[in-house]
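According to TrEMBL, the features are:
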DOMAIN    B:4-197  domain 'Glutamine amidotransferase'
ACT_SITE  B:79  active site, nucleophile
ACT_SITE  B:181  active site
ACT_SITE  B:183  active site
């Protein structure tokens, strides 16, 4: 999301306008999506008001879990978004800058309400998974697997892990990353970044052992339909709605 | 017109929005007179059992709810609101509930492959085929909970399988409970709320 519109990029850049969020949300509900995630990718104070209005509008017509994130730095802001209709709050940069925010949110709203989003890029020489913040612009130097463990210990009820290397490339999810995470983490993991084919979804659930998969481009551009993805997963023996 | 019982529970906004969508007027109130005059009551809830019961008691709402139920007013408890309907809960200690449905609330058992809380969609198995909610059979609704009810079969309308069999819809006469979030369960969730209004409250 940017300026109240749905946008999508490749490797976090070259954003293209996809459309009106309420219209897109209603269409995804009709197709059988299980959950929607709204991330304000260039959040500022002014745009947070726009986001609130969008969440308010979407939640009046679309009845499924809504996760909202982007630029949230305080419990008061979480409360405002929950009041507007969000069910879960996604923290990314602010969680790295101020890890206590995770605990404060979990204590106030329950840990099921607090999602920590982690944007991950592999260092090509050390092969270490590194955490990036500020919309993928800032390399924190943190080890992604360790940060994930810490975030859960602090109260995260769910992790939304995006592979920046895969984002928008449609070359498949980073299955190795999710398998390694799942060995260490006991909260649900949502895989994000790289969905391109029906088989990619099967692979990330069976080999990556994730609990949910998020896709944007392939659905926004109508390249894959949600029913086709679910049918493929069902046939592969993955338990889906 | 439905009355949503106000005891500072989280997440009442989305329950209200779902009824707005259905064109059903709701009022959020803690006023005993209004609750006793209401044709249908909703007890929402997100959070922990003990503080929720304490707030109900502090506002005298526990006895008001029991009075309304005794005179036949339909009541629907949602999520924690459903758990409050039972006799007791062992969430952070042992606590008494409203005792409107026989049974107790306990923690979901740990089991490999089942993350707790249960957070996601699960499929209903129907246990009472003559229920107004019978069409929920095989449908999926959205759950977020770490505790679940155990109650005699006669109160069980539907259940879902998780790390234990989890009562999903329960009923004792005019008292109903949904463990899932109908306001977050897509079109079937909306339909279940519509059924409560049309087939229970207005019937």
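The backbone N, Cα and C atoms fix where each Cβ goes, and this holds for glycine too.
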For this session: Provide, as an integer number of angstrom, the distance between the C-alpha atoms of residue B:183 (active site) and residue B:79 (active site, nucleophile).
Result: 11
For this session: For residue B:181 (active site), write down the residues of its own chain that are at least 6 apart in sequence and whose Cβ falls under 8 Å from its Cβ; none is a fine answer.
Result: B:11, B:14, B:78, B:79, B:141, B:142, B:143, B:144, B:189
Problem set entry | For the domain 'Glutamine amidotransferase' (B:4-197), the mean pLDDT of the predicted model | 96
For this session: State the count of C-beta atoms found within 10 angstroms of the C-beta of residue B:183 (active site), not counting that atom itself.
Result: 29
